[in-house]
């Protein structure tokens with residue numbers, strides 16, 4: 001049996017599908033369906049059981065779980081604007097610690113979601129404490145358990161892997177609201193208004209030139225399954241493409257994919273701007289000095305574990321995502 005926490009969420013539901021594609025259905029899905037609409041993310045999944053997150057936590061504390069093959073822990077509060085540190089540390093740190101201790105006692109592989117938010121204002125995205133300066137309590141809640149793992153690396157009884165997700169986009173993120181990916185928001189904005197708005201240039205970057213390491217959720221699933229297949233590998237690893245691309249690339253991929261749906265030709269960036277399909281708004285004063293204009297994962301440690309699969313660039317991954325979303329309409 002494999003446990004997937006956050007199973008009705010964005011990455012968790014895609015992991016369940018990834019396991020299903022391998023023929024694995026002995027899955028315990030764990031989540032909080034207070035937001036009942038999230039059930040839609042599990043409708044086409046095959047699972048053995050569903051547990052509410054509070055019941056699951058009690059079962060972990062009581063040792064009342066069946067024999068497990070692995071725990072894929074994706075459940076967390078991922079709202080980077082959440083200010084309630086007490087809630088965040090219990091939900092993101094303490095629950096992770098309890099699961100870790102259970103898995104170590106039972107010798108069960110434990111893969112968990114960390115975050116690139118641990119780097120905060122750093123300009124170097126290498127898994128090293130010198131680069132880790134979270135700017136919010138969300139990032140700190142993730143860093144705190146990464147630090148625990150580092151202190152326990154020499155005494156592990158079973159695999160433990162923390163994956164620092166960068167800017168993930170893809171199917172089944174619609175419930176995340178403002179925390180959904182820029183690709184999701186660009187797509188909905190273009191469909192509603194006929195154009196996409198991006199920040200104008202600032203801090204040495206041209207209009208729409210601020211860049212992120214955007215990674216398709218399909219590649220995130222592939223990385224998780226790689227570690228599931230290699231239980232001898234443990235540690236904290238960046239989970240990005242190793243490629244920074246500007247927001248302009250995301251917007252262009254969204255607009256041109258939707259234009260193709262209408263039988264219209266793809267346009268270069270300059271033409272998209274000229275036709276008013278891509279517009280720039282002044283960079284907000286309240287974000288100046290507090291905004292990451294560039295992120296790019298160093299994936300050397302990830303690649304050193306034997307993960308050799310190519311990762312989608314924005315043009316490929318975002319186009320796939322838009323076509324998937326439109327096929328549902």
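Don't overthink the numbers, they just go from 1 along the chain as shown.
A Cβ is built for glycine as well, from the same backbone N, Cα and C atoms used for every other residue.
Features of the protein shown, as given by Swiss-Prot:
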- 10-11, 31-32, 38, 53, 74-78, 91, 142, 168, 176: NADP(+) binding site (BINDING)
- 138: active site, proton acceptor (ACT_SITE)
- 167, 178, 185, 199, 200, 201, 202, 212, 291: substrate binding site (BINDING)
- 176: active site, proton acceptor (ACT_SITE)
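Sequence features annotated in Swiss-Prot and their locations in the structure.
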{"residue": "10", "record": "NADP(+) binding site", "DSSP class": "helix"}
{"residue": "31", "record": "NADP(+) binding site", "DSSP class": "strand"}
{"residue": "74", "record": "NADP(+) binding site", "DSSP class": "coil"}
{"residue": "138", "record": "active site, proton acceptor", "DSSP class": "helix"}
{"residue": "167", "record": "substrate binding site", "DSSP class": "strand"}
{"residue": "176", "record": "NADP(+) binding site", "DSSP class": "helix"}
{"residue": "185", "record": "substrate binding site", "DSSP class": "helix"}
{"residue": "200", "record": "substrate binding site", "DSSP class": "coil"}
{"residue": "291", "record": "substrate binding site", "DSSP class": "coil"}
Euclidean distance between Cα atoms of residue 176 (NADP(+) binding site) and residue 185 (substrate binding site), Å: 11
Chain-internal residues, separated by at least six, CB under 8 A from residue 10 (NADP(+) binding site): 41, 168, 170, 172, 173, 175, 176, 217
Where residue 38 (NADP(+) binding site) falls in three-state DSSP terms: helix
Other CB atoms within 10 A, centred on residue 176 (NADP(+) binding site): 15
Candidate nearest residue 138 (active site, proton acceptor) in space, where candidates are the binding-site residues 76, 167, 200, 291 and distance is Cα-Cα: 76
Candidate nearest residue 167 (substrate binding site) in space, where candidates are the binding-site residues 31, 76, 78 and distance is Cα-Cα: 78
Residue 291 (substrate binding site) and residue 78 (NADP(+) binding site), distance between Cα atoms, whole Å: 18
Surrounding CB atoms that lie within 10 Å of the CB of residue 31 (NADP(+) binding site), all protein chains: 25
Between residue 200 (substrate binding site) and residue 142 (NADP(+) binding site), the C-alpha gap once rounded to whole angstrom: 31
Rounded to the nearest Å - Cα separation of residue 202 (substrate binding site) and residue 74 (NADP(+) binding site): 35
Winner by Cβ contact number (other Cβ atoms within 10 Å) across the binding-site residues 74, 78, 167: 74
Recorded substrate site residues 167, 178, 185, 199, 200, 201, 202, 212, 291, farthest C-alpha pair in Å: 23
